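Going by TrEMBL, these are the annotated features:
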ACT_SITE  LYS198  active site, schiff-base intermediate with substrate
ACT_SITE  LYS251  active site, schiff-base intermediate with substrate
BINDING   CYS121, CYS123, CYS131  Zn(2+) 1 binding site
BINDING   HIS130, CYS222  Zn(2+) 2 binding site
BINDING   ARG208, ARG220  5-aminolevulinate 1 binding site
BINDING   SER278, TYR317  5-aminolevulinate 2 binding site
Amino acid sequence: MSSARLHSSIFHPTLRKLQCQDVAIEAHNLMYPVFLVDDDEAVQPIPSMPGVARYGITTLLTHLEPLVAKGLQSILLFGVVHKMPKDSIGSGADCATNPVIRALPRLRTAFPDLLIACDVCLCPYTDHGHCGVLTGDGLIDNGPSIKRIAEIALAYAQAGAHIVAPSDMMDNRIHAIKEALRGSNLENRCSVLSYSVKFASGFYGPFRDAAKSAPAFGDRKCYQLPPGSKGIAKRAAKRDVEEGADMLMVKPGMAYLDIVKQVKDDYPELPLFIYQVSGEYSMLLNAGKIGAFDLKTVLWEVLVGMRRAGADCIISYFTPLVLDWLKE
């Protein structure tokens, strides 16, 4: 009956730490998502995400400098356009004046050791707000969509991105991106982080406000995954692995830890990211502000839970706060 007695294994702080395998949270386990606008001097607070703002390239450099000094290892860039016209194929996503393409060389120069990932999608740049090119009757046209996604990913890689991260959820876009990178001799200089298992979630609400990317009509349920699905989540990850994805992602986070474990169990050899999305951020932050719980205690519990489920890296708007905690 000795195996049924647990207290002798956890009575000391160091013993408790020894019971927590593979849940350490260090700077390299965090990726900081940032919104980049086409006004170089802008700082635009996002009301639905207190403490988060959209930045222009000049103000982003200023914002990142102290974070890099504290140990920030990686960022995920999202372009947001106000001045640039939008059209049906997202032409602004890879044009020379796109804020992400303009920012990448400056970021690489300013922070040579910072790992820079770029979200790849059409929705911020299309007049219809969907993640792909549409047919005449408003449905996703997969062939032209993955052609555009690959063109955008290649443009970001050529501008200096270390990682391109397609979030569009089109079929076969990983193969198309890999072919484009290979054709330009960039395959060994730019990784592909696939939003492999991205669910159609209500937790994205604040992000769509932040990125100005809500669809003009309909929704994204025909290409993002149903929240209750396990089987198609498994198929989505398998598809992207077979097409050559270097890293995988599950999005959102807290409500899908079973899927994180499923993906990690299936592909332990690939780094797995989890996106703690905008709704999760705002929910936890606001609950902490009204005194429902201690934010530090609960956020740390959530992050540890994500690591325990199998995530190697957590994409989180809380990254600056956690970096401060890691210095304590």
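Placed from the backbone N, Cα and C atoms, the Cβ positions cover glycine too.
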Practice prompt. Consider the recorded positions LYS198, LYS251, TYR317 and say which one has the Cα lying nearest the Cα of CYS131 (Zn(2+) 1 binding site).
Written response: LYS198
Worksheet item: Of HIS130, LYS198, SER278, TYR317, which recorded positions are close to CYS121 (Zn(2+) 1 binding site), meaning a Cα within 10 Å of its Cα?
Response: HIS130
Practice prompt. Pull out the recorded positions from the set LYS198, LYS251, SER278, TYR317 whose C-alpha sits within 10 Å of the C-alpha of HIS130 (Zn(2+) 2 binding site).
Written response: none
Worksheet entry | For CYS131 (Zn(2+) 1 binding site), the number of other Cβ atoms found within 10 Å of its own Cβ | 25
Response to the item:
Cα of CYS123 (Zn(2+) 1 binding site) to Cα of LYS251 (active site, schiff-base intermediate with substrate), in Å and rounded, measures 17
Worksheet item: Closest to LYS198 (active site, schiff-base intermediate with substrate): which of the recorded positions LYS251, SER278, TYR317, going by Cα position?
Response: LYS251
Worksheet, complete the sentence: Looking at the binding-site residues CYS121, CYS123, the one with the fewest other Cβ atoms inside 10 Å is CYS123
Discussion item. What are the sequence-distant neighbours of LYS251 (active site, schiff-base intermediate with substrate), meaning same chain, six or more residues apart, C-beta distance under 8 angstroms?
Written reply: SER167, TYR195, VAL197, LYS198, PHE199, SER201, ILE274, TYR275, VAL277
Worksheet entry | Listed in sequence order, residues with CB under 8 A of TYR317 (5-aminolevulinate 2 binding site) and six or more positions away | TYR32, PRO33, MET49, GLY51, VAL52, GLN276, SER278, TYR281
Worksheet item: With every protein chain in view, how many other Cβ atoms are within 10 Å of the Cβ of SER278 (5-aminolevulinate 2 binding site)?
Response: 24
